[in-house]
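Asker: Pasting a structure here, questions to come.
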Amino acid sequence: MNAPTTFADSVTVPVSLGDRSYDILIGKGLVERAGEEVAKRLKGVRVAIVTDENVAAVHLERLQASFARAGIDSTPVIVAPGEKSKSFATLETVTNAILVAKLERGDAVVALGGGVVGDLSGFVAGIVRRGMNFVQMPTSLLAQVDSSVGGKTGINTAHGKNLVGVFNQPQLVLADTQVLDTLSPREFRAGYAEVAKYGLIDRPDFFAWLEANWQEVFSGGAARTKAIAESCRSKAAVVARDERETGDRALLNLGHTFGHALESATGYDSSRLVHGEGVAIGMALAYRFSARMNLAGIEAAERVEAHLKAVGLPVSLAEVPGGLPPAEKLMDYIAQDKKVTRGTLTFILTHGIGQSFIAKDVPPAAVLEFLKERLAIA
C-alpha cells in the first residue's frame, strides 16, 4: 500500500514502480527546497526549467535561486500559458531551446507549472536525446493531484486531446502547497474537480469527507494538504497496479471522455472551458448517463451535481460559454478517445458514489441520444 508518510514540514507519498519508483513530496516551501531535493537524487545535473509566462513571473526567480544554492545550473524555457501550448509548434520550440543549451541525456527537464506545462515537458524529456531525467513541480491543484503523477505526457492535435505522447515517469514530484495561494478561484475550482473524482471512483468515504470539508480545502491548511495527499495516494495505488492503462487505470478517466470532447469542441479555449471544468461536466454526465442506462439511481447523479455546484463548478452543457456543436460532432470527438478499441466505445460509468467501473461496448446510439437530450436542455 502506498501510504503517505508524514514529516514535520511535508508529506511523502511513494509511487511504487520497481527501479523506477519515485516520491511525491507535498507541503509548503518546496520551491525553496527544490535544489536540495533534486541534488539528493540526481547528482551533477544541469536543468532546463520549462514554465509559462504567468508562473515564471511569480515563481521562477525563487526556483532558480534554489537551484543555484544547490550548485545546479538552470536554463529557463518560457512558453505561452494555456492549453494551446500543448502543440507541435511549442514542442519544437522547447526541444530546440534544450538542445541549444547543450543539455545532455543525464541532465533534467523540470516542469514548473500546471498540467499543460507538465504534459509538454514530460513529452520533451521523454524524446530529447531519447530520454532525459524529468522532475515535476506542479503549481496548480489539478496538476498536483492528477497530471503530475503517473507518467502520462503529450500534446493535443486538431483531432483531439492528448493524442500524441509517451509514458514517461518523473524521478521526483514536488508539490508545494503554498503556490496554490496564487491561483485564481476559477483555477482552484477546476483542480478540485479532479480531487472529487477520486472519491467518485472508489472512495465513497473520501467523497463524503469532501462534502463536509470542501470549504476548508479551499481556504488552505491541513484540510488542503490532506485532500492533495489522499488524491495522490489514490492515483499512486492505481498507477502501481496498471502503469500503462491496460486495465483499471482507465478508471482515472471518469468524466474525461465527455470532458475531452467538450474541450475539443471549444478549441481548447480556456476563456470558455478549462480542463477541470470539462471534467466536472463530464462526471455529471457520466452519472446522468449511468442513471439513464439503469446502472445507477438518479440520486447519485443529483448528489454529484449538488456537490460540484456547491463549489462553483459547472455540471451541464448549458454552462459552456459560446454554445456547442450538434451531438453528432461531439460524437466525432468521442470517437477519438484513447479508450476506443477497434471502433467500440469505452466509458467510465458508475453504479453509485464510489462505484465506478469500465464499461466496454457502450452503444454509440445511446450516447448520441443522451447528448441530444442534454443539448436540448441547454
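Placed from the backbone N, Cα and C atoms, the Cβ positions cover glycine too.
Straight out of Swiss-Prot:
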BINDING   G115, V116, V117, G118, D119, T139, S140, K152, K161  NAD(+) binding site
BINDING   E194, H256, H275  Zn(2+) binding site
Asker: Near K161 (NAD(+) binding site), how many other Cβ atoms are within 10 Å of its Cβ?
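Answerer: Excluding its own Cβ, the number within 10 Å is 25.
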Asker: Cα of V117 (NAD(+) binding site) to Cα of H275 (Zn(2+) binding site): how many Å, rounded?
Answerer: 13
Asker: In the same chain, which residues outside the set E194, H256, H275 have their CB within 8 A of the centroid of the CB atoms that define the Zn(2+) site?
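Answerer: Nearby residues not in the site list: L142, D146, S147, A193, K197, G255, G259, G276, G278, V279, G282.
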Asker: Are any of G115, D119, S140 (the binding-site residues) within 10 Å of H275 (Zn(2+) binding site) when you go C-alpha to C-alpha, and if so which?
Answerer: G115
Asker: Taking only the Cα atoms, work out how far H256 (Zn(2+) binding site) lies from D119 (NAD(+) binding site), in Å, as a whole number.
Answerer: 16
Asker: To the nearest Å, how far is the Cα of G115 (NAD(+) binding site) from the Cα of E194 (Zn(2+) binding site)?
Answerer: 12
